[in-house]
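Participant: Below is the structure I would like to discuss, written out as structure tokens.
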Ligand SMILES: [Zn+2]
Ligand SMILES: [Zn+2]
Ligand SMILES: [Zn+2]
Ligand SMILES: [Zn+2]
Ligand SMILES: [Zn+2]
């Protein structure tokens, strides 16, 4: 009855997934799976939406009763869809060890957190596929692992560079070196100032000495002038007298 091409384009849920064998009424005649997004044709036969739309591309009649089917007269069965959504299934990762059973409608949510879901390693360039629960262990050794430095310096680290990277220590060394440098400059400035102060004291002393010697010279000159004045006076008086 089913089109040979249809088996590879199965729209329904795998019967094996269900904890209890689903009721025969819930099976799609086209794909033999449990109805996914069930729709009802005018003849009251029910199929997965995807299955019947595929079927109608090549046929104009119902695959069950051969009555003509009008594509615009098929209706989604929301209530039935909800009933099917409540059916209990085993996690699709049961063969990998997941022990959970859940409602069919929770399948997507569960697969997002299922520890037995096979996922690709999230680090760029790594081709490893692994179970979600093994991700942490893998990340500790993955050669493509990379992460920005948690100190916020902006460096992207790999396992190889992480062990050597210590931007905090480096920053502290730089800071300490700068402080040593500043202290050296301050000490040099102080030495220079002391030298200038002693030079100034020397100069003051010398100026004092010069002033003293100038005063002595002035006094001497005054004395000499006085002597000279007396001599010339006596001289002139002597000439006038003669
Ligand atoms: Zn189907
Ligand atoms: Zn029919
Ligand atoms: Zn699971
Ligand atoms: Zn990896
Ligand atoms: Zn850093």
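Here the Cβ of each residue, glycine as well, is placed from N, Cα and C on the backbone.
Where the annotation comes from TrEMBL, it is an automatic prediction and has not been curated.
From TrEMBL, for reference:
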- 28-66: domain 'RING-type' (DOMAIN)
- 110-153: domain 'TRAF-type' (DOMAIN)
- 110-153: zinc finger (ZN_FING)
- 222-242: region 'Disordered' (REGION)
- 230-242: compositional bias 'Low complexity' (COMPBIAS)
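Help me picture these features in the structure, burial and contacts included.
Facilitator: Same-chain residues lying 6+ beyond the ends of the domain 'TRAF-type' (110-153) with a Cβ under 8 Å from its Cβ atoms: 91-93, 96-98, 100, 102, 159, 162, 165, 167-168.
Per-residue confidence over the zinc finger (110-153) averages out at a pLDDT of 93.
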Participant: Could you count the residues of the domain 'RING-type' (28-66) that DSSP puts in helix, in strand and in coil?
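Facilitator: When I sort the residues of the domain 'RING-type' (28-66) into the three classes, I find 8 helix, 8 strand, 23 coil.
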